[in-house]
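Novice: Heads up, here are the entries from TrEMBL:
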type	residues	note
DOMAIN	97-241	domain 'Palmitoyltransferase DHHC'
DOMAIN	318-396	domain 'SH3'
TRANSMEM	25-47	transmembrane segment
TRANSMEM	53-73	transmembrane segment
TRANSMEM	147-167	transmembrane segment
TRANSMEM	201-225	transmembrane segment
Amino acid sequence: MNFLSNVVTFQNLHEVRRLCHWGPVIALSVISICSTMAILDSIIWYWPLDTTGGSINFIMLLNWTVLIFYNYFNAMFVGPGYIPLGWKPENQLEAQYLQYCRVCQGYKAPRSHHCRKCNRCVMKMDHHCPWINNCCGHLNHAYFTSFLLLAPMGCSHAAIIFIMTMYTQLYERISFGWSTVKIDMSAVRQFQPLMPFSVPAFAATLFALGLALGTTIAVGMLFAIQMKVILRNKTSIESWIEEKAKDRIQHYQTGEDFIFPYDLGTRWLNFKQVFTWTGSPKGDGLVWPVYPKCHQHTLTIEQLKQKADKRVRSQVQYQAVENYNGACCPLSKGLQTFFRTPCTEEPRIPLIKGDTILATRGTKWWMYGDKVLNEEHNIVGDRVRGWFPRRCVEKCHYDTAASDSTSDKKVN
């Protein structure tokens, strides 16, 4: 058992700064509140030293708490694994099948993607999770998914404790009238608990119950989504790439038969690619086992085709007609723009009247694209991309008619 190698280690002290983000603050607060209240209510409802059932209940509660924190911090600090800066394939001929990352100054290995938040190319990137303030990828996928499983289980146990505590403590204190219900918190119960159950304790328990139930539902849904892609040996990004592959083939009527290369044929084999007894996933994050009819670059070739297709069908040239300072919710651009701001951590780009932007997608009130930089600002790896208000730009009218008709469908 390679246990010691899986314990959280802080190779760089700056990794601790991942905790200073709204995601981990909220997540750890919810876990701490539910765990603390469940422990306190267990003492009130089912004193662990009196019965075997009470002891088992208390030990299980502590076990959930330890496992949840263990997998959460491993998912955060072990990280997804990054492609080495300046990485190149051993066989230089394979470079033609790979995308080049201008930021990392190297090629993107199969299944890797560049994360703008982490500013690195991530091995087998699934998504960037704000709750752990890190990417979910090759090395921490099992920890992250285990956390998504354990959190609802622990919160379900805590919810039962909260409900039983309130029931047993309020049962003898509630009196019913013809049209009223009276709760006397000062009434003396026959069996006094070790800790008093006062009005503040009742309010705190009720609040913790709401957090526990909400976490169980929300995180449980995320766990179901993750298991769906894991059993197919995919990531969320790769599922989207596969959908776009079908759309591209249908649009151009090429007659291609795209096969996802990393589905090994059975759910059990796919499951073992992520979950192992040692805690470390299989593979080095650069080379992957593939379906017999595919090869290492089946997916990367499809990505290159989609990227070329995107340049043809998606990018529409716009010119800024209003200045925009890059604010997340600019009130000066109208109430609809203010209230309909994209709910994403993707950046906003400031605009100066006359700037040229290549838009790739958008909503009714906002657009997303790349700002065309002047030659003096267009250094290697420099790219300004993000959201901006739709009212601040106008479409350039010197594009070709064919480009206009196709691009409008995509952007609008």
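Heads up, the Cβ atoms here are built off N, Cα and C, so glycines get one too.
Bear in mind that the values here come from a model prediction, so they are computed numbers and not experimental data.
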Novice: With a Cβ cut-off under 8 Å, give me the same-chain residues at least six positions beyond the ends of the transmembrane segment (25-47) that come close to it.
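Specialist: Distant Cβ neighbours of the transmembrane segment (25-47) are 19, 53-54, 57-58, 61-62, 64-65, 68-69, 72, 131-132, 151, 154-155, 157-158, 161-162, 164-165, 168-169, 193-195, 197, 201, 204-205, 207-208, 211-212, 215.
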Novice: State the non-local partners of the transmembrane segment (201-225) in its own chain: residues 6+ outside its ends, Cβ under 8 Å from one of its Cβ atoms.
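Specialist: Same-chain residues near the transmembrane segment (201-225) but 6 or more away: 30, 33-34, 37-38, 40-41, 44, 145, 148-149, 151-152, 155-156, 158-159, 162-163, 165-166, 169-170, 185, 195, 236.
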Novice: Residues of the same chain, at least six outside the transmembrane segment (147-167), with any C-beta under 8 angstroms of its C-beta?
Specialist: 31, 34-35, 37-38, 41-42, 44-46, 57, 60-61, 64-65, 67-68, 71-72, 75, 197, 202, 205-206, 208-209, 211-213, 215-217, 219-220, 222-223, 226
Novice: Give me the mean pLDDT over the domain 'SH3' (318-396), rounded to a whole number.
Specialist: 86
Novice: Residue counts in helix (H, G, I), strand (E, B) and coil for the domain 'SH3' (318-396), per DSSP?
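Specialist: Helix/strand/coil tally for the domain 'SH3' (318-396): 11 helix, 27 strand, 41 coil.
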Novice: Quick check on the domain 'Palmitoyltransferase DHHC' (97-241): DSSP residue counts for helix, strand, coil, in that order please.
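Specialist: Breakdown, helix to coil: 72 helix, 22 strand, 51 coil.
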